[in-house]
Protein chains: 2
Amino acid sequence: MPATRLDGKKIAAEIRSEVAADVESFVAAGNAPPQLAAILVGDDPASQVYVRNKERACEKAGIASRLDRLPASTTQAELLAKVAELNADPAASGILVQLPLPSPEAGGTGIDERAVLDAIDPIKDVDAFSPVNVGLLMQGRPRFLPCTPHGIVQLLSRTNISTSGKHVVVVGRSDIVGKPMAMMLAQKDSTCGPETANATVTLAHSRTQDLAEVCRSADILIAAVGRPEMIRGEMIREGAVVIDVGINRVDDRLVGDVAFAEAENVASAITPVPGGVGPLTIAMLLHNTLMAAKMQAAGN
Amino acid sequence: MPATRLDGKKIAAEIRSEVAADVESFVAAGNAPPQLAAILVGDDPASQVYVRNKERACEKAGIASRLDRLPASTTQAELLAKVAELNADPAASGILVQLPLPSPEAGGTGIDERAVLDAIDPIKDVDAFSPVNVGLLMQGRPRFLPCTPHGIVQLLSRTNISTSGKHVVVVGRSDIVGKPMAMMLAQKDSTCGPETANATVTLAHSRTQDLAEVCRSADILIAAVGRPEMIRGEMIREGAVVIDVGINRVDDRLVGDVAFAEAENVASAITPVPGGVGPLTIAMLLHNTLMAAKMQAAGN
């Protein structure tokens, strides 16, 4: 029996309509609508698409959006000045710097990405990239949850897949997905409820010896490596849940980090690519933007 | 053949003399000696011993120490005022609030420990407990390394035990040891060199199913649970390295989290209790105090 497909698109739509309803009450209570302020440097086509998708998603949820387009030739000082402007602007609830910043080959000026992200006011840091927000997360008292791992937690919890006591293997140790994902699922409690906490978590990566064996020990396998179809069917335990975070463009189609056709014959449940984790990331960004607006309205 | 005993006491002495030499050059260059400022609330006997040990260790390393003793009846506002005073005092390089704060049964006023730790200036946070320092650690760009996990990294590296590519199982998910230990060993690089990074790390804990099996999969097993002798010989893989962080008082003796007599017949190397990890924690605190003084002298 092929694995159940975990429909991230449908769950994302649920979450987005919940956020929309919540935004409506927030505004009805006399608050200004939340606003997501995005900064796009240069004209990378993929980034343009992402930013446009975010704008549309905001609009549907009743969240205002602002886009500052800066030329690829923007210097670090200029970009930091823009961030400072948005930090000081009470209308901007959340600030997002679209990554990657342009490389020197694309006309970029060699901006230190980390320095720019670090300059975002932590209370407007809806991507949860700033060190204080990362630290609060690791200590089990998150302010914002990072969007992709949070989307995965929502996906698991809304499809009644408990992580408690399970062995979760996270493949990939990025700051955006792998590391925070591991920390969130290993917590004693989580803001999303005990059913998505208390996992025994293994963080595996490019240096892991015998990755296949490590993966086969997983009840829940989360692949976030960015290498097309590197997780093969034989690396998956019969009946495991497989979450594929990868979105890789190969020729003209999108493929995940998991070899889907092989995996769906072994797994009990699996996320497709596209339509799995991807749509949840934007949904959780909307959620964070509303949260930021609420915190700022409460004077936190 | 019984396991090699990893002599934490000896390695701690090495590190302490290195720190002492480094302090001497720092002072010879015209800087004021680093100072560790400790705050002790109440009169818990164990805390008094710890604070005294830290003072002595400072003295031997040429680090000044200051101890503010406050009565158990100290309120949160009073303690926060003391922290603020030390934050503002240029002589205080590092600030340490001795934990635990007195319980209501011991005459305490129910101070929120986290609020007090959060109030310490991150640049004086030599325990590395503040969220920004925790986040920087998780992002692989630590300012201070937390003392006990850092001690373990030093122990491994100075006994030529590489973690790179190995499977490390950390049992216990405390903010002080388990979580930061897992994150440090899983990093791509570490400030202590690549040989103590790049591990495949599993974070196990009280909710882990079949803990024995998880432990047996470890090349390096780190026990930090605070339960006397809960790691038995049969939970250890033949030839594994065993690091015992536990210091539990049972009747009149100190025992670790590992059943030592059983474990030393299976492991290839093991830390004793006492004389293993314990002495390293204080050594790394001295190291951090010197680092803090250097950062402050450099105006960071």
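Placement of Cβ uses the backbone N, Cα and C atoms for every residue, glycine included.
Heads up, TrEMBL stuff is auto-annotated, nobody curated it.
Straight from TrEMBL, the features:
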type    : residues                               : note
DOMAIN  : B:6-127                                : domain 'Tetrahydrofolate dehydrogenase/cyclohydrolase catalytic'
DOMAIN  : B:146-296                              : domain 'Tetrahydrofolate dehydrogenase/cyclohydrolase NAD(P)-binding'
BINDING : B:Gly172, B:Arg173, B:Ser174, B:Ile247 : NADP(+) binding site
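The Cβ of B:Gly172 (NADP(+) binding site) has B:Gly178, B:Ala204, B:His205, B:Ala223, B:Ala224, B:Val225, B:Gly226, B:Val245, B:Asp257 as same-chain neighbours under 8 Å, each 6 or more residues away in sequence. Among the record's NADP(+) binders, B:Gly172, B:Arg173, B:Ser174, B:Ile247, no two C-alpha atoms are more than 16 Å apart, and one pair sits at exactly that spread. Note on the domain 'Tetrahydrofolate dehydrogenase/cyclohydrolase catalytic' (B:6-127): its mean pLDDT in the predicted model is 97. DSSP classifies B:Ser174 (NADP(+) binding site) as coil under the three-state reduction.
In sequence order there is nothing to list: of B:Gly172, B:Ser174, B:Ile247, none of the binding-site residues comes within a CB distance under 8 A of chain A. A C-beta separation below 8 Å, combined with a sequence spacing of at least six in one chain, links B:Arg173 (NADP(+) binding site) to B:Lys179, B:Leu203, B:His205.
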